[in-house]
Amino acid sequence: DMVLGGMRGMTGLLWETSLLDPDEGIRFRGLSIPECQKVLPAAKPGGEPLPEGLLWLLLTGKVPTKEQVDALSKELRSRATIPDHVYKTIDALPVTAHPMTQFTTGVMALQVQSEFSKAYEKGIHKSKYWEPTFEDSLSLIAQVPAVAAYVYRRIYKGGERIPVDDTLDYGGNFAHMLGFDGPEMQELMRLYVTIHSDHEGGNVSAHTGHLVSSALSDPYLSFAAALNGLAGPLHGLANQEVLLWIKSVVAECGENVTTDQLKDYIWKTLNSGKVVPGFGHGVLRKTDPRYMCQREFASKHLPNDPLFQLVSKLFDVVPPILTELGKVKNPWPNVDA
């Protein structure tokens, strides 16, 4: 059963950067999300942590100073230029192609600049493999926000590109390139990128990245393969499924849905053989801390937003129904909710 389920419950990777605790959720180098929010440098006093700070923590195991984070920010900005052929490659796809297809295509188009690939062709000694791998990885991290933002702008905003702002950090710049310049959106992106930076090694995309790179495929090829795993409905696409399901609730019941209407709709979903997306987790046995910190952010910045109020009602209504159903090990919301 374990083998047929895809190594379910079998440890198959060493993963030092993060660990999933069934009760506490994700820990990055031993630090929980609330601890990261406390100790990692922020863009402003009392604000959300900067993703570059978490990257430093993941790579070194140490909490960085603000100066170290600013230096890393500058380094990533210096690597963030996207060659023109990447945009042309994405533009060759129909605008209706799924965003993940367009995103992976953009990453594959970046692969032509791989330092590892060039070094391997020249006969680099294997003791030095890590050096061009590290260079490629940093460049890739620097460039993916611009590629992702372009895919968004192409699908929803007529394809108008917004260049990198040299005064902004990684998360702030991502919001800016998407076309949102409000300070709250910049803070949300800092939080969002930070909490999604790593999630233990056994998940489909992380495992795939390792598997493909074990063939000495360079970081661009490995990451593109990982993204294709992430695009599946049992992995990253779950995020989209939650949003579509919430929209279907609104379409049927309106934005100001009552608790009773919501209960009826949930039972209708379950009785038709479907799941309520955004609830349950393969490992966690309580509410995902990544859900909680986004919930706290929303309570602070947009408490009256109708969709957030609907999501809050789901938090109250769904777990008791799933518990009553009796088959669910974890009825609590996960990060996608």
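Cβ coordinates come from backbone N, Cα and C, glycine included.
Taken from TrEMBL, the feature active site covers His235 (among others).
What TrEMBL records for His281 (among others) is active site. Its own atom aside, the Cβ of His281 (active site) has 20 Cβ atoms within 10 angstroms in the protein chains shown.
Taking the Cβ of Asp336 (active site) as reference, residues of its chain lying under 8 Å away and at least six apart in sequence are, in sequence order, Ala238, Asn239, Glu241, Val242, Pro277, Gly278. Among the features that TrEMBL reports, active site is placed at Asp336 (among others).
Just so you know, the Cβ of His235 (active site) picks up 15 other Cβ atoms within 10 Å once every protein chain is counted.
Taking the Cα atom of each, His235 (active site) and His281 (active site) are about 11 angstrom apart.
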